[in-house]
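Annotated features in TrEMBL:
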TRANSMEM  B:6-25  transmembrane segment
TRANSMEM  B:46-66  transmembrane segment
TRANSMEM  B:72-97  transmembrane segment
TRANSMEM  B:109-129  transmembrane segment
TRANSMEM  B:135-157  transmembrane segment
TRANSMEM  B:164-179  transmembrane segment
Amino acid sequence: MKEVETMKEEWKVFFQLFWTFFKMGPVTFGGGYAMIPLIEKEVVEKRKWLKSEEVTDVFALSQTVPGAVAINSATFIGKRIGGVKGAVAAMLGISLPTFFIVLALGILYFFFQDNPKVEAAFLAIRASVVALIAYAAIKTGKTAITDKSTLGIMIVGVPLLFVIHPIFVILLGALTGIVCRFVKRKLGYNMKLEQKNEDYKNHPDYFMGAGI
Amino acid sequence: MILWELFRTFFVIGFVSFGGGYAMIPVIEAEASQHGWMTTQQFTDVIAIAGMSPGPIATNSAILVGYSTAGIAGAIISTLGVLLPSIILVLIVATFFTKLQNYSIVQSIFYGLRPIVASLVIYAALSFALSNNLITINVSWHTVSLLFIFGLSLVLLLKFRWHPIYIIILSGLVGVALYS
């Protein structure tokens, strides 16, 4: 009898995890820092699963793992609360709503893409997508460039991408970071590693360069 | 088998998808064009739809590339592929570390990764500008109008902090008025 009770309790937690993040999914465009205040409110204030400092640690940790900050944070919180199954429940919760929205929009697009009006609309939309990416480039550049070496890496990276597969460029970047810091430490330089960025709290549009 | 190819491709992408959003555009584009899944123009439209929708750009593009290549099954498989590395690594990290960001090696890696993520986004902007005739030697009325839409969108983003969804909707309407 007791086992049945604990199993029931367990499933209740999984469902709560799933539902908490399911509700957040559709309202968070970009999926990045825009979600932080929302997650804090739900996880700290409402559910009281974690303390505020713990959530801050989760966000920091989420940024060191590949993938979107929002999805990683949800998975981390799920793991803390309900183990591996909890992690899966939270990740499914945060991913499913957007999956269906994107799929629906995609189906519409592929159905109507040859319509002359849609073609005309997308001619212009493509130009504004380039603007969206340029804007993201400005935002990401601002947080990434902390000194001359990081500026150098960024400048060299762009032409490299025209000739080498991006995955290798990413790995090369990580390797350069290790070598660069090793050499600098040997030479006794002081390094500014990271810009303290509290910007996202004041500007919810910070999602553009999210996830670094 | 196309589904296996999709899964394998997005699984690899999932492992390097630092900078979650726009930085993954060149990686996905390189793979999609190498496999012959999509042209760059189609891929630009995919990014437009991905940017209009909630959720991370990388995951959203995976859904759309998967769908256009192999239907609903393709969309599901690609999404699982891109998400799986994250969940695996999160579970490993969550089990062994509470403050990974304090480790010197992790800081070193990100010292090099952050500027590369910026390079990726700059490269994405350049290559999309090229493939969509924003940067060209044959300057025509058409090019000028596209540059105008580009400039206006950038100002609305930078100065007026418009949300991308409104910019995409507005430019779509401008497109219908100008080009149809």
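Think of each number as a place in line: the chain as shown, counted from 1.
Just so it is clear, glycine is given a Cβ too, placed from its N, Cα and C backbone atoms.
What TrEMBL says about a protein is an automatic prediction, not a curated fact.
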Message: When you look at the transmembrane segment (B:109-129) alongside the transmembrane segment (B:164-179), do they share 3+ Cβ pairs under 8 Å, ignoring any pair fewer than 6 residues apart in sequence?
response: no
- prompt: Which bits of the chain, at least 6 residues beyond where the transmembrane segment (B:135-157) starts or stops, bring a Cβ under 8 A of a Cβ in it?
  reply: 126, 129, 164, 167, 170-171, 174-175, 178
- request: Determine which recorded stretch among B:6-25, B:46-66, B:72-97 has the most C-beta pairs below 8 angstroms with the transmembrane segment (B:109-129).
  value: B:6-25
Message: Counting only residues 6 or more past its boundaries, what in the same chain has a CB within less than 8 Å of a CB in the transmembrane segment (B:6-25)?
response: 31, 35, 47, 56-58, 61-62, 65-66, 69-70, 74, 77-86, 89, 113, 117-118, 120-121, 124, 128
